[in-house]
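As recorded in Swiss-Prot:
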BINDING   23-30, 66-70, 125-128  GTP binding site
LIPID     GLY2  N-myristoyl glycine
Amino acid sequence: MGFLKILRKQRAREREMRILILGLDNAGKTTLMKKFLDEPTDTIEPTLGFDIKTVHFKDFQLNLWDVGGQKSLRSYWKNYFESTDALIWVVDSSDRERLTQCSEELKKLLQEERLSGASLLVLANKSDLPGAIDVNSIAQVLELQSIKTHHWKIFSCCALSGERLVQAMTWLCDDVGSRIFILD
């Protein structure tokens, strides 16, 4: 039995995923994580550094790493890449002025060797706000169709209501699970 098969069998028993949540500041990363964990979202502070939460979802243990998105913290993102199974990239779909910056940061991340093979879930958050950019336009600006190095999918969502969050996380778990675990 090859080494890779042994590793896959070990991970199959653990059924654990490491998920990194990144995006520009004020995109809604922490609110999305708290909503998914069914925690209160009425008092959210900017994440200075990182926060780790663990939740069981779809027979998996998800270790969610919420990392601050302020410009001064982005150079530290690379410290969290190791052993990442999936990347959730959160976009503020109401922030037209920073969409190009958002695209540039995502492109840098996708070039990182330690993130190679990680599934990419793009969450176009704040889709409920007036003037929010539609998901197809966001996909176009982010040039998602050109991504060949990662499995990816984009969902519009609303962190405050939780709209489409379970659907998005289900896709992510199914995608990662089909690649790195021996499914029953």
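The chain as shown is numbered from 1 upward.
The backbone N, Cα and C atoms fix where each Cβ goes, and this holds for glycine too.
What Swiss-Prot annotates, mapped onto the structure for a quick look.
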residue: GLY23; record: GTP binding site; contacts (Cβ under 8 Å, 6+ apart): LYS29, GLY69, TRP89, VAL90, VAL91, ASP92, CYS102
residue: ASN26; record: GTP binding site; contacts (Cβ under 8 Å, 6+ apart): PRO46, GLY69, ASP92, ASP95
residue: VAL67; record: GTP binding site; contacts (Cβ under 8 Å, 6+ apart): LEU20, ILE21, LEU22, LYS29, THR47, GLY49, PHE50, LEU73, TYR76, TRP77, TYR80
residue: GLN70; record: GTP binding site; contacts (Cβ under 8 Å, 6+ apart): ASP25, PRO46, LEU48
residue: SER127; record: GTP binding site; contacts (Cβ under 8 Å, 6+ apart): SER93, VAL135, SER156, CYS157, CYS158, GLU163
What is the number of other Cβ atoms found within 10 Å of the Cβ of LYS29 (GTP binding site)?
29
Give the three-state DSSP assignment (helix, strand or coil) for GLY23 (GTP binding site).
strand
